[in-house]
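Feature annotations, courtesy of Swiss-Prot:
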- Asn116, Thr166, Lys170, Arg288, His320, Ser372: substrate binding site (BINDING)
- Lys168: active site, proton acceptor (ACT_SITE)
- Lys194, Asp196, Glu197: Mg(2+) binding site (BINDING)
- Lys194: N6-carboxylysine (MOD_RES)
- His287: active site, proton acceptor (ACT_SITE)
- Lys327: site 'Transition state stabilizer' (SITE)
Amino acid sequence: MAEKSYQAGVKEYRKTYWTPEYVPLDTDLLAVFKIVAQAGVPREEAAAAVAAESSTGTWTTVWTDLLTDLDYYKGRAYRIEPVPGDDNAFYAFIAYPIDLFEEGSVVNVLTSLVGNVFGFKAVRSLRLEDIRFPLAYVKTCGGPPNGIQLERDRLNKYGRPLLGCTIKPKLGLSAKNYGRAVYECLRGGLDFTKDDENINSQPFMRWQHRFEFVMEAVHKATSETGERKGHYLNVTAPTPEEMYKRAEFAKSLGAPIIMHDFLTAGFTANTGLANWCRENGMLLHIHRAMHAVLDRNPMHGIHFRVLTKCLRLSGGDHLHSGTVVGKLEGDREATIGWVDLMREPFVPENRARGIFFDQDWGAMPGVMPVASGGIHVWHMPALTAIFGDDACFQFGGGTLGHPWGNAAGAHANRVALEACVEARNQGRPVEREGREILTEAAQHSPELKIAMETWKEIKFEFDVVDKLDTGPMLRVVNA
């Protein structure tokens, strides 16, 4: 440790935390923030202020700095880049020593990186765009309880995406009618049905009753079709104790999968539930309710790719990822980027998809992306092309809104999916020839034909709010 002397007072952050000569270590946690500084604040000072407040710094010099090796523990702002197309914003790259973070704790990482610093007066807006978790830290986290391959092995389903349906209306059904809808969808050809994010235990349908009627429907559909079926039973609850109580009851009924709202319930609850699922042989479906509060503003908050990485570390076998083509926000290239971060063992830097760093996941299993929100049979070719096999396509209204009923809606989706997969396997450009592929399949499926007629005019063509930053400064790294 270098010899130091204490000098009281306030000094510029950049004198301590701006280190452009620094070369990040393999064990450093790296972060990139999009910053708009207050008028008159130099960019280096704003970047250094973020590095300080998210690591060891405070607003004034303190004598207790002499009791530790501040030069080792501090965050270091080591690079600044302009944001293409925006003269006010810039990217600040910051390196943090791994010892700043508790092992296996996404909670602790986020408390540092997006804690007090987001209320800092020196910046007008601040967004955490990406994180590089070093492999040494990844190995301290539990990750997905099962992963994609183990899920396929348990379900005995290979070579195609999985199909699901969110039961609608999301609120107001009795447990018995809810279970009836589940049964009709599963016997019609779906692999899964799902509780919506805000179904917990309301007066119109208490959780015990829902679990019992739903699992009766699941077992009946499994017996009749000879296929393994499941329903995402939402165990999100007011307290962790109640959450585990619901999970245990789901297990006692023979449920293969449960569900959790990871952002509203919190990462502590989610990591604990993921550990429980790993120990009890249960799949864990993760809903991202509340994510857009954090990630939709392109100038302030946390990008969804960061939330995706944090969820993979915390634990979950499924995660809602957006659809690109449905009713919810999602740029195509950015979506493909975070889908890769969910599934792949190694993802290289690729600025064209918004990925700022290489990310090595080691042997950690992948998370299956769930495409859900305003999709129907006409979207099936695009979904197949965008997501490939290791995904779950979830049609709520696109199943339950079929004029002939739930089973017919499920059957139409299954026929459409298998037609697209077969065409893809034959080498046909599925997205470009989607209309022809579906029309050919509909000749042998009246359910699909009616579904195509019902939703032929339904499109969600709105401009994307959170677009990738593009321009002459964009660096593209081919995967």
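Note: Cβ is positioned from N, Cα and C throughout, glycine not excepted.
Here the features listed in Swiss-Prot are painted onto the structure.
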| residue | record | contacts (Cβ under 8 Å, 6+ apart) |
| --- | --- | --- |
| Asn116 | substrate binding site | Glu53 |
| Thr166 | substrate binding site | Thr193, Lys194, Asp195, Asp196, Ser372, Gln394, Gly396 |
| Lys168 | active site, proton acceptor | Asp196, Gly396, Gly397, Leu400 |
| Lys170 | substrate binding site | Asp196, Asn198, Ile199 |
| Glu197 | Mg(2+) binding site | Asn234, Thr236, Asp261, Thr264, His287, Ala289 |
| Arg288 | substrate binding site | Phe262, Leu263, Phe304, Leu307, Leu319, His320 |
For the substrate site as recorded (Asn116, Thr166, Lys170, Arg288, His320, Ser372), determine the largest distance between any two Cα atoms, in Å, rounded to the nearest integer.
37
Sparsest-packed of the listed binding-site residues (Lys194, Asp196, His320) - C-beta count within 10 angstroms:
Asp196
Based on DSSP, name the secondary structure state of His320 (substrate binding site): helix, strand or coil.
strand
Cβ within 8 Å of the Mg(2+) site centroid (Lys194, Asp196, Glu197 excluded): which residues?
Thr166, Ile167, Lys170, Asp195, Asn198, Ile199, Tyr232, Asn234, Met259, His287
